[in-house]
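Colleague: The following feature annotations were taken from Swiss-Prot:
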type: BINDING; residues: Asp58, Asp102; note: Mn(2+) 1 binding site
type: BINDING; residues: Asp58, Asp102; note: Mn(2+) 2 binding site
Amino acid sequence: MTEVDLKALLADVDGDVATELASKPEVIDKGHELDISTLPIQARKWHKLRDAVAVVADLKSSTQLGLNKHAASTASIYEAATGGVVQIFDEFDANFVAIQGDGAFALFWGDKRRQRAVCAGITIKTFSFKHLVPRLEKKWDGLPETGLKVGLGSSPLLVKRVGVPRTEHQEPVWAGRAVNYAAKAAQQADRHEMVVTGTIWDWVSDNDFLAVTCSCSNPNPDLWSNITIEKIPDGDGDREGKRLTSSWCDVHGPEYCAAVLEGKKRRADVTTQRTSALAAEMKSWVRNKAAQDRKNRLARYQGLH
(Lines of atoms letter the chains of each structure in order from A and count residues from 1; the text may use other names and numbers.)
(Lines give C-alpha, C1' and ligand atoms only; values in the text may rest on other atoms or scores of the structure.)
Protein backbone atom coordinates (compact mmCIF):
# COMPACT_ATOMS: atom_id res chain seq x y z
CA MET A 1 0.00 0.00 0.00
CA THR A 2 1.29 3.44 -0.97
CA GLU A 3 1.76 5.77 2.00
CA VAL A 4 2.46 9.46 1.52
CA ASP A 5 3.22 12.12 4.13
CA LEU A 6 1.25 14.78 2.28
CA LYS A 7 2.32 17.77 4.40
CA ALA A 8 5.99 16.82 4.19
CA LEU A 9 5.76 16.24 0.43
CA LEU A 10 4.13 19.61 -0.26
CA ALA A 11 6.62 21.37 2.04
CA ASP A 12 9.49 19.67 0.20
CA VAL A 13 8.37 20.64 -3.30
CA ASP A 14 7.50 24.15 -2.09
CA GLY A 15 11.05 24.46 -0.78
CA ASP A 16 12.38 23.39 -4.18
CA VAL A 17 10.30 26.09 -5.87
CA ALA A 18 11.53 28.75 -3.43
CA THR A 19 15.15 27.75 -4.03
CA GLU A 20 14.70 27.76 -7.81
CA LEU A 21 13.07 31.19 -7.89
CA ALA A 22 15.53 32.80 -5.47
CA SER A 23 18.15 33.25 -8.19
CA LYS A 24 18.55 32.77 -11.93
CA PRO A 25 20.06 29.49 -13.17
CA GLU A 26 23.21 29.42 -15.28
CA VAL A 27 22.67 29.28 -19.05
CA ILE A 28 25.47 27.78 -21.15
CA ASP A 29 25.46 28.70 -24.85
CA LYS A 30 26.21 25.50 -26.80
CA GLY A 31 25.93 27.13 -30.23
CA HIS A 32 24.58 24.56 -32.69
CA GLU A 33 26.00 21.44 -31.03
CA LEU A 34 24.69 19.63 -27.95
CA ASP A 35 25.26 16.22 -26.34
CA ILE A 36 22.11 15.48 -24.33
CA SER A 37 23.82 12.61 -22.50
CA THR A 38 25.86 15.20 -20.59
CA LEU A 39 22.87 17.19 -19.31
CA PRO A 40 22.98 17.51 -15.51
CA ILE A 41 19.90 16.93 -13.37
CA GLN A 42 20.95 18.45 -10.05
CA ALA A 43 23.10 21.38 -11.18
CA ARG A 44 21.10 24.53 -11.96
CA LYS A 45 22.48 24.73 -15.48
CA TRP A 46 20.49 25.03 -18.69
CA HIS A 47 22.09 24.51 -22.08
CA LYS A 48 21.12 26.78 -24.97
CA LEU A 49 20.84 25.75 -28.62
CA ARG A 50 20.94 28.70 -30.98
CA ASP A 51 18.53 27.02 -33.38
CA ALA A 52 16.65 23.72 -33.50
CA VAL A 53 13.90 22.36 -35.72
CA ALA A 54 11.02 20.42 -34.16
CA VAL A 55 8.96 17.90 -36.12
CA VAL A 56 5.72 16.66 -34.54
CA ALA A 57 3.71 13.74 -35.94
CA ASP A 58 0.17 13.01 -34.68
CA LEU A 59 -2.30 10.27 -35.57
CA LYS A 60 -5.72 11.64 -36.53
CA SER A 61 -8.75 10.21 -34.67
CA SER A 62 -6.49 8.12 -32.44
CA THR A 63 -8.98 8.10 -29.55
CA GLN A 64 -11.61 6.51 -31.81
CA LEU A 65 -9.36 3.79 -33.19
CA GLY A 66 -9.74 1.59 -30.12
CA LEU A 67 -13.54 1.58 -30.16
CA ASN A 68 -15.09 -1.82 -30.88
CA LYS A 69 -11.67 -3.43 -31.34
CA HIS A 70 -9.68 -5.95 -29.36
CA ALA A 71 -6.85 -4.46 -27.30
CA ALA A 72 -4.31 -6.27 -29.48
CA SER A 73 -5.72 -4.61 -32.61
CA THR A 74 -5.50 -1.14 -31.07
CA ALA A 75 -1.94 -1.87 -29.94
CA SER A 76 -1.05 -3.01 -33.45
CA ILE A 77 -2.34 0.25 -34.99
CA TYR A 78 -0.36 2.37 -32.53
CA GLU A 79 2.78 0.30 -33.06
CA ALA A 80 2.49 0.49 -36.85
CA ALA A 81 2.04 4.26 -36.85
CA THR A 82 4.41 5.35 -34.11
CA GLY A 83 7.02 2.72 -34.91
CA GLY A 84 7.17 3.91 -38.51
CA VAL A 85 7.49 7.55 -37.47
CA VAL A 86 10.34 6.82 -35.06
CA GLN A 87 12.18 4.76 -37.67
CA ILE A 88 11.93 7.65 -40.14
CA PHE A 89 13.23 10.11 -37.54
CA ASP A 90 16.15 7.78 -36.89
CA GLU A 91 17.00 7.43 -40.59
CA PHE A 92 17.20 11.21 -40.93
CA ASP A 93 19.54 11.44 -37.92
CA ALA A 94 17.21 13.20 -35.50
CA ASN A 95 19.20 14.41 -32.49
CA PHE A 96 16.37 13.73 -30.03
CA VAL A 97 13.17 11.67 -30.30
CA ALA A 98 10.31 11.34 -27.82
CA ILE A 99 7.22 9.15 -28.16
CA GLN A 100 4.00 10.66 -26.87
CA GLY A 101 0.97 8.37 -26.96
CA ASP A 102 -0.31 8.30 -30.53
CA GLY A 103 2.62 10.17 -32.02
CA ALA A 104 6.16 11.37 -31.60
CA PHE A 105 8.30 14.45 -31.94
CA ALA A 106 11.91 14.90 -32.94
CA LEU A 107 14.43 17.69 -32.65
CA PHE A 108 17.12 18.38 -35.22
CA TRP A 109 20.10 20.63 -34.60
CA GLY A 110 23.58 21.10 -35.97
CA ASP A 111 24.65 20.54 -39.58
CA LYS A 112 21.85 20.42 -42.18
CA ARG A 113 19.20 20.44 -39.48
CA ARG A 114 16.55 22.01 -41.71
CA GLN A 115 17.28 19.66 -44.59
CA ARG A 116 17.01 16.59 -42.36
CA ALA A 117 13.89 17.83 -40.56
CA VAL A 118 11.90 18.86 -43.64
CA CYS A 119 12.78 15.67 -45.52
CA ALA A 120 11.78 13.62 -42.47
CA GLY A 121 8.44 15.44 -42.29
CA ILE A 122 7.63 14.85 -45.97
CA THR A 123 8.68 11.21 -45.64
CA ILE A 124 6.31 10.73 -42.67
CA LYS A 125 3.33 12.11 -44.59
CA THR A 126 4.30 9.98 -47.60
CA PHE A 127 4.44 6.90 -45.36
CA SER A 128 1.02 7.81 -43.98
CA PHE A 129 -0.64 8.29 -47.37
CA LYS A 130 0.99 5.55 -49.42
CA HIS A 131 1.67 2.81 -46.89
CA LEU A 132 0.20 3.09 -43.38
CA VAL A 133 -3.42 4.03 -44.04
CA PRO A 134 -3.94 1.76 -47.09
CA ARG A 135 -2.83 -1.21 -44.99
CA LEU A 136 -4.99 -0.21 -42.02
CA GLU A 137 -8.08 0.27 -44.19
CA LYS A 138 -7.48 -3.05 -45.93
CA LYS A 139 -7.32 -4.89 -42.61
CA TRP A 140 -10.20 -3.18 -40.76
CA ASP A 141 -13.55 -2.20 -42.28
CA GLY A 142 -15.21 0.93 -40.93
CA LEU A 143 -11.99 2.43 -39.59
CA PRO A 144 -12.37 6.10 -38.57
CA GLU A 145 -10.66 8.48 -40.99
CA THR A 146 -7.08 8.43 -39.79
CA GLY A 147 -3.53 9.16 -40.85
CA LEU A 148 -0.50 11.08 -39.71
CA LYS A 149 -0.52 14.88 -39.36
CA VAL A 150 2.84 16.63 -39.36
CA GLY A 151 3.94 20.03 -38.05
CA LEU A 152 7.31 21.83 -38.13
CA GLY A 153 8.65 24.80 -36.20
CA SER A 154 12.04 26.20 -35.24
CA SER A 155 13.57 28.48 -32.63
CA PRO A 156 16.41 28.70 -30.13
CA LEU A 157 15.89 26.24 -27.25
CA LEU A 158 16.93 25.87 -23.64
CA VAL A 159 17.26 22.35 -22.27
CA LYS A 160 17.86 20.76 -18.89
CA ARG A 161 17.34 17.28 -17.51
CA VAL A 162 14.51 17.47 -14.96
CA GLY A 163 13.16 14.83 -12.58
CA VAL A 164 14.15 12.76 -9.57
CA PRO A 165 17.91 12.10 -9.29
CA ARG A 166 19.09 8.48 -9.37
CA THR A 167 15.75 7.21 -10.69
CA GLU A 168 14.27 6.57 -14.12
CA HIS A 169 11.88 9.49 -13.61
CA GLN A 170 13.85 12.12 -15.46
CA GLU A 171 13.76 13.55 -18.97
CA PRO A 172 15.18 16.51 -20.88
CA VAL A 173 12.82 19.50 -20.77
CA TRP A 174 12.90 21.77 -23.82
CA ALA A 175 11.99 25.44 -23.31
CA GLY A 176 11.29 27.49 -26.42
CA ARG A 177 8.77 27.95 -29.20
CA ALA A 178 9.95 25.22 -31.59
CA VAL A 179 8.18 22.19 -30.07
CA ASN A 180 5.11 24.17 -29.05
CA TYR A 181 4.65 25.76 -32.48
CA ALA A 182 5.31 22.48 -34.30
CA ALA A 183 2.59 20.85 -32.18
CA LYS A 184 0.15 23.68 -32.96
CA ALA A 185 0.95 23.30 -36.67
CA ALA A 186 0.34 19.54 -36.53
CA GLN A 187 -2.98 20.09 -34.72
CA GLN A 188 -4.24 22.25 -37.58
CA ALA A 189 -3.11 19.82 -40.29
CA ASP A 190 -5.39 17.12 -41.63
CA ARG A 191 -4.24 13.56 -42.21
CA HIS A 192 -1.42 13.19 -44.77
CA GLU A 193 -0.70 16.94 -44.49
CA MET A 194 2.33 18.87 -43.25
CA VAL A 195 1.99 22.40 -41.87
CA VAL A 196 5.11 24.51 -41.31
CA THR A 197 5.56 27.80 -39.49
CA GLY A 198 6.61 30.94 -41.31
CA THR A 199 10.24 30.54 -40.24
CA ILE A 200 10.42 27.07 -41.78
CA TRP A 201 8.76 28.34 -44.95
CA ASP A 202 11.37 31.10 -45.29
CA TRP A 203 13.95 28.35 -45.70
CA VAL A 204 11.83 25.97 -47.83
CA SER A 205 10.85 28.76 -50.24
CA ASP A 206 14.48 29.13 -51.36
CA ASN A 207 14.80 25.49 -52.45
CA ASP A 208 13.62 24.40 -55.92
CA PHE A 209 13.49 20.74 -54.87
CA LEU A 210 10.94 21.53 -52.14
CA ALA A 211 9.06 24.64 -53.26
CA VAL A 212 8.23 23.64 -56.85
CA THR A 213 6.48 20.56 -58.28
CA CYS A 214 8.62 17.85 -59.85
CA SER A 215 9.51 17.33 -63.51
CA CYS A 216 6.68 14.87 -64.17
CA SER A 217 4.87 17.95 -65.53
CA ASN A 218 5.74 21.60 -65.98
CA PRO A 219 7.32 22.82 -62.70
CA ASN A 220 4.66 24.66 -60.70
CA PRO A 221 5.10 26.74 -57.52
CA ASP A 222 1.56 26.00 -56.29
CA LEU A 223 2.80 23.03 -54.27
CA TRP A 224 2.25 24.76 -50.92
CA SER A 225 -0.82 26.74 -49.83
CA ASN A 226 -1.08 29.62 -47.37
CA ILE A 227 -2.34 28.82 -43.89
CA THR A 228 -2.77 30.88 -40.75
CA ILE A 229 -1.84 28.74 -37.74
CA GLU A 230 -4.63 29.89 -35.47
CA LYS A 231 -3.15 28.82 -32.13
CA ILE A 232 0.05 30.82 -32.67
CA PRO A 233 -0.47 34.30 -31.16
CA ASP A 234 -1.42 37.30 -33.29
CA GLY A 235 1.59 39.40 -34.15
CA ASP A 236 3.99 36.47 -34.30
CA GLY A 237 5.39 36.07 -37.82
CA ASP A 238 5.40 32.29 -37.50
CA ARG A 239 1.59 32.36 -37.50
CA GLU A 240 1.52 32.80 -41.30
CA GLY A 241 2.70 29.37 -42.39
CA LYS A 242 2.31 26.96 -45.29
CA ARG A 243 0.49 23.68 -45.87
CA LEU A 244 1.80 20.79 -47.99
CA THR A 245 -0.64 18.11 -49.17
CA SER A 246 1.63 16.39 -51.73
CA SER A 247 3.95 13.48 -50.97
CA TRP A 248 7.30 12.44 -52.41
CA CYS A 249 6.86 11.56 -56.10
CA ASP A 250 7.49 7.86 -56.85
CA VAL A 251 9.72 8.88 -59.77
CA HIS A 252 11.56 11.98 -58.53
CA GLY A 253 11.15 11.72 -54.75
CA PRO A 254 14.33 9.75 -53.99
CA GLU A 255 16.40 12.07 -56.23
CA TYR A 256 14.96 15.26 -54.74
CA CYS A 257 15.27 14.02 -51.16
CA ALA A 258 18.93 13.13 -51.73
CA ALA A 259 19.57 16.51 -53.36
CA VAL A 260 18.11 18.39 -50.38
CA LEU A 261 20.16 16.33 -47.92
CA GLU A 262 23.29 17.12 -49.93
CA GLY A 263 22.55 20.83 -49.55
CA LYS A 264 21.50 21.46 -53.15
CA LYS A 265 18.91 24.15 -53.86
CA ARG A 266 18.66 24.74 -57.62
CA ARG A 267 17.12 22.70 -60.45
CA ALA A 268 17.92 23.27 -64.11
CA ASP A 269 14.23 22.97 -65.06
CA VAL A 270 13.16 25.73 -62.67
CA THR A 271 13.68 29.30 -63.85
CA THR A 272 11.47 32.07 -62.46
CA GLN A 273 8.58 30.00 -61.09
CA ARG A 274 9.70 30.05 -57.46
CA THR A 275 10.75 33.71 -57.33
CA SER A 276 7.61 34.84 -59.15
CA ALA A 277 5.44 32.97 -56.65
CA LEU A 278 7.29 34.58 -53.73
CA ALA A 279 6.86 38.03 -55.25
CA ALA A 280 3.13 37.41 -55.63
CA GLU A 281 2.90 36.19 -52.03
CA MET A 282 4.55 39.35 -50.73
CA LYS A 283 1.74 41.42 -52.27
CA SER A 284 -0.37 40.24 -49.33
CA TRP A 285 0.04 42.82 -46.57
CA VAL A 286 -0.43 40.20 -43.84
CA ARG A 287 2.16 37.79 -45.21
CA ASN A 288 4.59 40.56 -46.10
CA LYS A 289 4.43 41.95 -42.56
CA ALA A 290 4.84 38.46 -41.07
CA ALA A 291 7.92 37.84 -43.22
CA GLN A 292 9.42 41.17 -42.10
CA ASP A 293 8.68 40.33 -38.46
CA ARG A 294 10.52 37.02 -38.84
CA LYS A 295 13.45 38.76 -40.49
CA ASN A 296 13.67 41.28 -37.64
CA ARG A 297 13.49 38.52 -35.02
CA LEU A 298 16.29 36.60 -36.73
CA ALA A 299 18.42 39.74 -36.71
CA ARG A 300 17.83 40.10 -32.97
CA TYR A 301 18.81 36.47 -32.37
CA GLN A 302 21.99 36.89 -34.37
CA GLY A 303 22.79 40.09 -32.52
CA LEU A 304 22.57 38.23 -29.20
CA HIS A 305 25.13 35.67 -30.29
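Just so it is clear, glycine is given a Cβ too, placed from its N, Cα and C backbone atoms.
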Colleague: For a quick check of packing: other C-beta atoms within 10 Å of the C-beta of Asp58 (Mn(2+) 1 binding site), how many?
Modeller: 23
Colleague: Sorted by position, what residues of the same chain at least six away from Asp102 (Mn(2+) 1 binding site) have a C-beta under 8 A from it?
Modeller: Asp58, Leu59, Ser62, Tyr78, Ala81, Thr82
Colleague: Which of the three DSSP-derived classes (helix, strand, coil) applies to Asp58 (Mn(2+) 1 binding site)?
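Modeller: DSSP call for Asp58 (Mn(2+) 1 binding site): strand.
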